[in-house]
Amino acid sequence: MYVHLLFVCTGNVCRSPIAERLATTWLGETTGCPRHGDEVRISSAGVRATDGDPMDPRSAAALVELGGAPRDFRSQRLTPELAVSADLVLTMTRRHRRSTLELTPRGLRRTFTVNEAADLLRSADLSGLDRLPPEARTRELGIRLDAQRKWRASSGDDDIEDPIGRRLPVHQQVANTIAAALRPLTDVLFGCAHTGPSLLARD
């Protein structure tokens, strides 16, 4: 069995690939962790994606600045099968979250925007998660994050803007926003020590 962590945006060429490749990089720079492709599968998809597109060049450049690797990336469209297979789905906006839940209505406890999940993590009970195997840890984290939703109102702050068609600085800012929200989540999910340098780009 393996854990499937899925990121979702619109075209699967900017935001969700950044998240996918950052998470993959961080997993590879940790000690005592399951390896990508062994116990952890990390993927991304777009609700309106065309299959087979490479990353947007500016998002790819922003990803490289953070230590990620865009090489050989190809986009894919979000399908019901892909959504159902994920143990945790992290979307870029509330609209993407709704679109995902339309494909897997029973997936509420494991579907969040990245910013929403990062904010919920601050108040969630994380005790004992580090003692669980990866699959159980991921599902339990989703349950505990969902339990905090009743104390928090959803807002536009949960959304990460789409940089498609924008200049490189916008892609860089979006990449930094994704990295800042995602890092605490992957630290909990992977449950192990990070050995690499900080991947957050400096202003």
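Glycine residues also receive a Cβ, built from the backbone N, Cα and C atoms like all the rest.
Automated prediction, rather than curation, is the source of TrEMBL annotations.
Features as listed in TrEMBL:
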| type | residues | note |
| --- | --- | --- |
| DOMAIN | 3-188 | domain 'Phosphotyrosine protein phosphatase I' |
| ACT_SITE | Cys9 | active site, nucleophile |
| ACT_SITE | Arg15 | active site |
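The Cβ neighbour count for Cys9 (active site, nucleophile), using a 10 Å radius and every protein chain shown, is 29.
Long-range Cβ contacts of the residue listed as 'active site' within its own chain (separation 6+, distance under 8 Å): Phe7, Cys9, Ser59, Met92, Ile160, Asp162, Pro163, Val174, Ile178. Mean pLDDT, taken over the domain 'Phosphotyrosine protein phosphatase I' (3-188), works out to 94 on the 0 to 100 scale.
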